[in-house]
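Over in TrEMBL, the protein carries these features:
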- 51-69: transmembrane segment (TRANSMEM)
- 144-164: transmembrane segment (TRANSMEM)
- 185-206: transmembrane segment (TRANSMEM)
- 212-231: transmembrane segment (TRANSMEM)
- 243-259: transmembrane segment (TRANSMEM)
- 271-288: transmembrane segment (TRANSMEM)
Amino acid sequence: MTVAMSSTCPGLYCGKINGSFGQCGVCPRGERTNLEKICEKCMETPELYDWLYLGFMAMLPLVLHWFFIEWYSGKKSSSAVFQHITALFECSAASVVTLLVNDPVGQLSIRSCRVQMLSDWYTMLYNPSPDYVTTLHCTQEAVFPLYTIVLIYYAFCLVSMMMLRPLLVKKIACGLGKTDRFKSIYAALYFFPILTVLQAVGGGLLYYAFPYIIFVLSLVTLAVYMSASEIQTFKNIIAKKKRVVVLLSHWLLHAYGIISISRLDKLEQDLPLLALVPGPALFYLLTARFTEPSRILSEGGNGH
């Protein structure tokens, strides 16, 4: 146990010896300073909000996999569904392996340091200079393991994809050309580095903003999909199974966003909010007929 000096950096300890600072450094990984400014091992379990954040970061590659598989498979490709299932298996296997290799090793659970403020994510920006001459570097994962576990998960996702997808796609994607069948894999080789940089640079901002990102994007994508598919009635939705799946998926994202925003601190007040999940789709169906471009143009031409 090492005494820490009072500083804005949550991972820096520094004992004072004969009036000068000595034995300065950062707390070991998996530890951070407590209220008494002493390095202490983090033994807490992640809060619900922390798990929701990890779930959001885990969903990003899966959703992007599904998007590019659907984009490049074409309407007549029978391999799209199998590729969707394969992508789900890859991400699920990567998440399990990630939990197993993190502390405590071999268990499907993690211990964590509680996030207290945004600066906890960017300790490299808070290197103090107690004597205004010497800078004490305190770069450390004060939000252990929320920062690195996502990067580890992305690495395992990439490895599992490269081990499974090329062989499976080569056998099942017979309806596509030799170049088209691998385009969804090529797309993943682009978006995984982007996701890695996004987590490395903006992990702290995403931690606080992801509930609103989920909610807004799910609303926008649902409206765009229903508009592009020319869905104006409930019968148009149930006419195709794919449309039903897309609608239910967006409802799950709506619910995920509502739960993340409310954090279910007060169940009696927060659970009724889930009744608003079908609201955007119902509003679209009720108002779509009044905003159809052809109708507006015809009424404008008639002078109404």
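Even glycines carry a Cβ here, placed using N, Cα and C.
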The transmembrane segment (185-206) vs the transmembrane segment (51-69): three or more C-beta pairs under 8 Å (separation of 6 or more)?
yes
Same chain, outside the transmembrane segment (144-164) by at least 6, Cβ under 8 Å from its Cβ: which residues?
29-32, 42, 46, 50, 53-54, 57-58, 61, 65, 86-87, 89-91, 93-95, 97-98, 101-103, 110, 112-113, 115, 121, 185, 188, 192, 195-196, 199-200, 203, 207
Sequence-remote contacts (6 or more beyond its ends) of the transmembrane segment (51-69), Cβ cut-off under 8 Å?
80, 83-84, 87-88, 90-91, 95, 146, 149-150, 153-154, 157, 161, 183-184, 187-188, 191-192, 195, 199, 206-207, 210-211, 213-214, 256, 259-260
